[in-house]
Amino acid sequence: MATAPSPPLARLLDQTADAVAAVRSGRSLTEVLARCPVELKPGTQALSFHVLRWWGGAQAVRALMAPKAPPANVDALLCSAIALLWPGSEPPYAEHTLVDQAVGAARQRTPAAANFVNAVLRRFVRERDALVAAVQPQPIAAFNHPLWWIERIKQDWPQHWQALLGAANKHPPMVLRVNARRGTAAAYVQRLAAQGRGAQAIGEQAVLLDKPLPVTELPGFAEGEVSVQDLSAQRAGPLLLGAGADRLSPPGRPKGEYLRAQPEGVPVTARARVLDACAAPGGKTAQLLELADVDLLALDSDPLRLTRVQETLNRLQLKAHLQVADAREPARWWDGRPFDAILLDAPCTASGIVRRHPDVRWLRRPDDVVALSRIQAELLDALWPLLAPGGRLLYATCSVFRLEGQQQIDAFLQRHAADKPWLDPASPGHLPGLPDNAPRPGFASETSGDGFFYALIHKP
Ligand SMILES: C[S@@+](CC[C@H](N)C(=O)[O-])C[C@H]1O[C@@H](n2cnc3c(N)ncnc32)[C@H](O)[C@@H]1O
């Protein structure tokens, strides 16, 4: 079969510059890419991801070389090209090709700017090391995150802030979750090996691929045998259900640690009533249903996102009750029967998954952290009374900010002290996305799970 010719690089650069400019004006990259012409989408996505990871440095260098900023559409193109030429960033194209094509794209956009773009880019290539060194004292250039974000990470992680910011700029690994009803990670690794693909089993259900690949090429994906889900996200199901909590525990860890990883109390039994309060797009809903025959209600306030939960369940041949609702208003949706277990995978800044969504750091504003932490507290307060005595609530966020993690839970435990809620010692707490959080000692830090926070709270 003949393969389609690749689109010209100048067109991809043009799309990338527009995509990055849209992110800077407050639109998410996912939304922007959804409107990208289909033949340009994969290339634009790859280049935009790269550019957003090096955007802080690129802007600082452009400001150094050309203190008077060119018109916004030229600036977006110029800074995108600088980011793609950044040293040590594994440039996706040879530098002369990039410069020529960026100048071609500039000529199409604003003919008068082509000479300027040409001069700036050629000087950057010539004096690259000196120019890059000159902007390193600026934190935004050195760490490629907004200053407020750097300050917050520094305050929350005084020992590890640099490693955390560095890890956020790395490429994430692709991790699969094998459907526990249909197979094991070890067996799936063998199937991949038969196709010549390298992968490693992590525990019973997780598979770490040596190289990412499109889901359409994963054996059994369409048939529901496997899903894509990060290692940290895969901890939700075993933690909440309390059974098989060892499935994802790394082998080779000391026995005591292994046992402590088991949540306390009675495991959630078949037909238990479980609420997944913020369910879409359904990764954790599906995992819960793969692990146990529970009676699950999946809520989400976003009707469009909830349709994705149904699509996922259809593919995996699983069943749940789905309802569009604001989980903070149980009077509108709750039938009055208490839940045995509640998963609250709350809306958050997504500061733990920046390596998968490099636009997030540039989209968020400092006020968002406070606003989202308020919503998380409202959700916790609204859902706690719905939990049966002896029940358990798992609070999760894909954030590394303490305000959305440990501080949120400390405040919750104080507010509800009269009910004597207790934090399970098996609660992982913050999983900061560092080498410690890699699947096994000795694994490269790039294989670590996303930044997450989990607290498992019991109701006496
Ligand atoms: C972090 S995502 C959940 C991810 C999901 N648990 C998974 O594993 O695929 C948070 C979800 O909460 C939903 N949400 C936000 N505020 C909500 C609310 N007040 N009530 C219910 N859902 C809400 C969002 O629409 C979003 O889909």
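Glycine residues also receive a Cβ, built from the backbone N, Cα and C atoms like all the rest.
Among the candidates Asp340, Asp345, Asp359, the one that TrEMBL lists alongside Cys278, Ala279, Ala280, Pro281, Gly282, Gly283, Lys284, Asp300, Asp326 as binding S-adenosyl-L-methionine is Asp345. Recorded residues Cys278 (S-adenosyl-L-methionine binding site) and Cys398 (active site, nucleophile) have their alpha carbons 13 Å apart, per Cα-Cα distance. Cβ contacts within 10 Å of Asp326 (S-adenosyl-L-methionine binding site), excluding its own Cβ and spanning all protein chains shown: 15. Here the CA atom of Cys398 (active site, nucleophile) lies 20 Å from the CA atom of Asp326 (S-adenosyl-L-methionine binding site). All protein chains shown were included, and the count of other CB atoms within 10 Å of the CB of Ala280 (S-adenosyl-L-methionine binding site) stands at 24. Note: the Cα of Lys284 (S-adenosyl-L-methionine binding site) and the Cα of Cys398 (active site, nucleophile) are spaced 13 Å from each other. Between the farthest pair of Cα atoms in the S-adenosyl-L-methionine binding residues (Cys278, Ala279, Ala280, Pro281, Gly282, Gly283, Lys284, Asp300, Asp326, Asp345), the distance is 19 Å.
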